[in-house]
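A.B. asks: To start, I am sharing the structure in question, which I have written as structure tokens.
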Amino acid sequence: MMRHQHHHPNSRREYRGGWSTSMGALLDDPNRKSNCCALTCCGIFLYDRTNYLVTGNRPNWTQRQVTVLIIPLLLVFAIAITSAMGEIECEVWDDECIILYSLLVFSLQAIFVAYLIFLCCWGRQSHGTLRQAVHRKMRDQQRGEKHFEEQLSDMDIAVIEQPVGCCSCYPYDVEVSLDAVGDDIDVARKLMIPSSADLSTCLFRVWSNFCCGTLCQCWCQCCGMCAIGQEDRELELILKKNDNPGALHIDYITFQPYSEYFPAIRAIQNSREASFSKHWSALSELSKRILRCAFYVILISCSLFVLSQQEHYGIKIGVALGVWIQPCIVLYFVWWRWNRFDISFDAVIKYFASGYVIGVFQAFMVETIMSIPYGVFATIELSSEVVSEVGQNATDPTTYLEDRKNVAKMMKDYWGVNALYLFVGAFIMAAFVEEVVKYYCYWTIEMPEQIYDTQKSKISQANYVTIGMVSASLGFACKENMQYVFQSQYVGDELLTLFLRSLLALHPLCAAIQSLGVIKRDILGDPSSSLGRILLPAVILHGAFDFAEMLLAYFLYINDLEEQGTFAPSSAQDTGSQPSSGIGIVSPVGVGGIFMIVGLMYYFFRARLQQNQLALAHMSESTSALELSSFV
């Protein structure tokens, strides 16, 4: 056995990246779920759990909710309200009003960004302190080992305890570097890197090497995600040395052990208890807290309509409640009526909350970042179109664009280029991002049923996956619907939007399609079902749905421009948003309905085939187990 020689930390191999592989593999490998959690809300949940298990300190959740949840949500709400008010109050020709509201929106956005920077700096300081506590714990454990004098000295540990760069990331993995030196490190690294590398893996490795040590030795990861991943691996090492790996089996936020509430869930599923009160009594403390927060959100939103004294505020309250009723109806049929013993009420609530809170937040951040280059290219292309059209007519651009027929002509002339931008927006910015986020919301949540219930039939396990993914997507869709239904100033349009988005429930359908690939990979054990193959059918359906709706709206808008005349002040009464016309309703519903029917047919056809495969696999396992039992 190679002796552990004394090495100064500077002579060790640098740590190259927080992840051993690509983002795709993070969402593929069950052992990488902790790294996925590091991406969630900048690792706040993971940090709190580590702090609790190492130091015993519980976070002040009143302070945490105000600083991390309430203030950012209020700022986002203020930005959305100000932007909507600007669209309602400002006429097309009123430059002063447009500039005023644009400055207000920009100021609120600047405050929001500054506040996020403040939170990152605060989090960096907290993580640095926690990392030192983790390393002190590891040092104390090593002092109990008989070859500690051959390990690192106190001076070396002091050097290690200094966080590197702006995110508290250390230059090498402690789990590797404390247990291996020299050639052992290279062997350990080879074991961590998968043998088969796809394009996503190679590209992510280039990015990881660039940002994790190569660029001026700065380790400049956004929000310290690599540091949080290191932190979690170090915690696992501490708990393994304490012979207490089960300490990680606790809920986030409440830190309630699975062992306190899961036996009640298992008893209900084994006894096939149909009473809803029994399912309610088996909820964990985290699920009860989630339901209380949901009640407060509904109560506050309804109170705002009453206090604002808006016209038809009673109908608006009904619309707000309808947004929440829609996922309840879906879950009644797909979970409670047919599958309530395959997945617990507790799991359904947690998956729904993951989609509602985490999913929308992640999608908002990613789409905001992607919208910057997308908006720049779209603005440049639009400007070139305007210059080209105005140059042909030798008129002032403002005068030329005041005539809606000129705008309609320009949109007709350049419909191909504009359709390309709509295609990118539909398939990349909307479909791809949202489908990845919905998968992430399911994948990053660990439930006791996944750990302890290994004796369920394969069909029951498959139902768990499908209902879990559908629940996460319903949470995502619920929050998204709340944003869309109140964009119009007309109550009729709000009711219509709620009805259409409830009827054309694309998000849960795409999640169910995704679940087919997850079941094939995780339950049937087919290694060919990679993340790309899991997401591709859902992305195609979602992207095609959005692209068809956008393209149809594009040509309907051209038709409206040709009929309505000019943007002149004399037609001011026509500039506001009008209630939807018949053709503007029937056409999108018809197109959306076609895609929904195609998606449902695809899902039920694939699901029927998969049910047969699951039944055969279960029979095969049962036969093998019976033969083994007879042999023994």
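Backbone N, Cα and C define each Cβ position, glycine as well.
Computed from a predicted structure; not experimentally measured.
Relevant sequence annotations retrieved from TrEMBL are reproduced here:
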TRANSMEM  66-86  transmembrane segment
TRANSMEM  98-122  transmembrane segment
TRANSMEM  290-307  transmembrane segment
TRANSMEM  313-335  transmembrane segment
TRANSMEM  347-365  transmembrane segment
TRANSMEM  419-441  transmembrane segment
TRANSMEM  531-557  transmembrane segment
TRANSMEM  585-605  transmembrane segment
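Could you give the neighbours, burial and distances for every feature on this list?
C.D. replies: Long-range neighbours of the transmembrane segment (66-86) within the same chain, counting only residues 6 or more positions beyond its ends whose Cβ lies under 8 Å from a Cβ of the stretch, are 41, 44, 97-98, 101-102, 104-105, 108-109, 111-112, 115-116, 119, 364, 483, 487.
Away from its own ends, the transmembrane segment (98-122) comes close to residues 42, 67-68, 71-72, 75-76, 78-79, 82-83, 85-86, 89-90, 223 of its chain (Cβ-Cβ under 8 Å, at least six residues beyond either end).
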A.B. asks: Mind checking which residues of the chain, 6+ beyond the ends of the transmembrane segment (585-605), have their Cβ under 8 Å from one of its Cβ atoms?
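C.D. replies: Same-chain contacts beyond the ends: 496, 500, 503-506, 509-510, 512-513, 516, 537, 541, 544-545, 548-549, 552-553, 556.
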